[in-house]
Amino acid sequence: MALDPMTVTFPQESVKVERQVTFIKVQRVFAGKLERRETAQGFRKEGSLIGRELRLRQEVLKWNGWGFRDSKFEFDGDGVGSFKGTRYLLSGMLPHLRGFAESIEGFRVEDKLPSQPEIPSESLPKPVTHDEFFREIHHSGISFSLDGQDRLFRAHGHTLQEIFTLRTGLFARIPDIVIWPGCHKDVVKIVEAADRHNVCIIPFGGKYQFGCGTSVTNGLECPKEETRMIVSLDMSQMNKVLWIDEKNMTAHIEAGIVGVDLEEKLAKYGLCTGHEPDSCEFSSLGGWIATRASGMKKNVYGNIEDMLVHVKMVTPKGVMEKNCQVPRMSTGPDVHHLILGSEGILGVITEVTLRVRPIPPCRTYGSVVFSNFDDGVNFMREVARQRCAPASIRLMDNAQFKFGASLRPPPSSMWASLVDSLKKFYLTRLKGYDLDQLAILTLLCEGTQEEVAAQEKRVYKIASQFGGLAGGEENGQRGYMLTFAIAYLRDLALDHHCIAESFETTVPWDRVHDLCRNVKERIRQECKAHGVKNEPYLTCRVTQLYDTGACIYFYFGFFYKGLPDPVHVYEAIESAAREEIIAHGGSLSHHHGVGKIRKKWMKSTISDTGYDTLRAVKNSLDPRNVFGSKNLL
């Protein structure tokens, strides 16, 4: 059945999705705040005059850090901490932040290291040009830009190395041209032209491929030795929901759509995907598939591979897709699993069909306090064994508990202050909990009122068997919402001579305790060996549960003033931590992907034969290495 792109429909029960108009006004509730914005949905196609919407996007996002320019942690002239902006529930005064920050050895509020000014276009590497390719793109009417700031904005993701370079130096290589396809056919034209003229393509966006460059594995880094013209293929204008089929509970979507926009559009029809990664404001559908992403609510909705019904990918050898959209097929190896996790080395994901669900009518938050981290882990193992995990369930160790406590707002009244004191008295004096040992767990339950009530009753009953005490809804909500703002902390750390970063893994249940303890100890040893004079900050949390194991998320940071090459030191320490993880039977990655920074472990991870098979697929689909990011292999 041919689909009319102006008013797309799909069988009888489908919902017609209106074509986007030039300007739309959106009211969005995100993280407890109401946001109003005006978004331009079209732009001119004359060379680098790419229009208002794209310019606005670059103007509202940080050029050398995470997220929105108007959102950040900072200390005022008196050293009082706050989170600026009104986009997040966390926003406002944070009177305890300074005390926590200065508990990290070496950190001083008054000792600041500002970033270099924005890099002028004339200082950027000059673009490599290819006249025949450029002429073909220009005549096609597809939007493009040669502007230096457009190229720089798409030259990086969000690894420590990339952000440090933006703050202190210059990239040796950046894309030579940015191209914005408007539909699947545009992508086919671009890829065919690149293959004909031997031009390199690096898809851009959230996690390798779309959105706003949220890759945390150097996936967007341009290879320094690449002499060909490099195209940054920005998929952000392919952001439409093409059709919704309410009877079959599926939606067909362009892969450039960002997570919060996708949920917003589906919500008009009472539907959702339930996929909510930490980066859902900035990462996008195609990027989720390209990195095998996981969301915070995967216990109910599944990981991205569990939601995927159909996917279309443009490769130099043609379009790869299945011939029907059904729940399951037994037709040999699944080609979807070649696309999932391909990290932009095989082609460009253009359109996706996802399973959707009705928006749950009831949502509740909760929290549980355990006397120590090990009791919390044992509780989570039992929840996984009984298969009663709520949508989100995450356990934070003591260091992360203290960090969360430092982000509490001022007491709203004397009564609120008294209540906090009584809670502390109850935990420490009556229950005997040690504030330097306890761990906290946050919960999010979704479903009908009856389902949520039954789930809460069951989970809290299991928690009591492991000494857990209910910690209240407010703590659960703040803990969950903090996830969306935590990435902003690295910018604050870098402003004060501190390096801060995160990494993740999955591990079998019987090794969770040992892995958490030993990885932290390995990091301490490596810091000393590499000349880090101060004690590093180390913390971890258990974020996703499976029958056979769990996802562990580590955060660590250290004061680097005086180190001649702090990024190199960090990379050596993280590499050693990764070796420790692998030695304990942990995975190379749970959801961040491999990119360039972890690819040295790929062969040992998937075996020599598996590695050779992946290489053979790459050579078959892309013999001229058009998709030359050098991720994975």
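Glycine is no exception: its Cβ is also placed from the backbone N, Cα and C atoms.
Listed in TrEMBL:
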type	residues	note
ACT_SITE	TYR553	active site, proton donor/acceptor
BINDING	203-215, 291-294, 343-349	FAD binding site
BINDING	ARG490	substrate binding site
DOMAIN	171-359	domain 'FAD-binding PCMH-type'
SITE	ARG394	site 'Important for enzyme activity'
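Checking each of the recorded positions PRO203, ALA293, GLY347, ARG490, TYR553 against ARG394 (site 'Important for enzyme activity') by C-alpha distance, the shortest gap belongs to TYR553.
Separation of the C-alpha atoms of ARG490 (substrate binding site) and SER215 (FAD binding site): 15 Å, rounded to the nearest whole number. In sequence order, VAL191, MET313, VAL314, THR315, PRO316, MET320, ILE339, LEU621, ASP622, PHE627 make up the list of same-chain residues 6 or more apart from GLY347 (FAD binding site) whose Cβ falls under 8 Å from its Cβ.
For the pair formed by ALA293 (FAD binding site) and TYR553 (active site, proton donor/acceptor), distance between Cα atoms is given as 14 Å, rounded to the nearest Å. Here the C-alpha separation of SER215 (FAD binding site) and the residue listed as 'active site, proton donor/acceptor' works out to 16 Å. Looking at GLY344 (FAD binding site) and the residue listed as 'active site, proton donor/acceptor', their Cα atoms lie 25 Å from each other. If you average pLDDT over the domain 'FAD-binding PCMH-type' (171-359) in this model, you get 94. Of all the Cβ atoms in the protein chains shown, 33 others lie within 10 Å of the Cβ of SER215 (FAD binding site). Taking a C-beta cut-off of under 8 Å and a sequence gap of six or more, TYR553 (active site, proton donor/acceptor) has these contacts in its own chain: SER502, PHE503, GLU504, CYS540, ARG541, VAL542, THR543.
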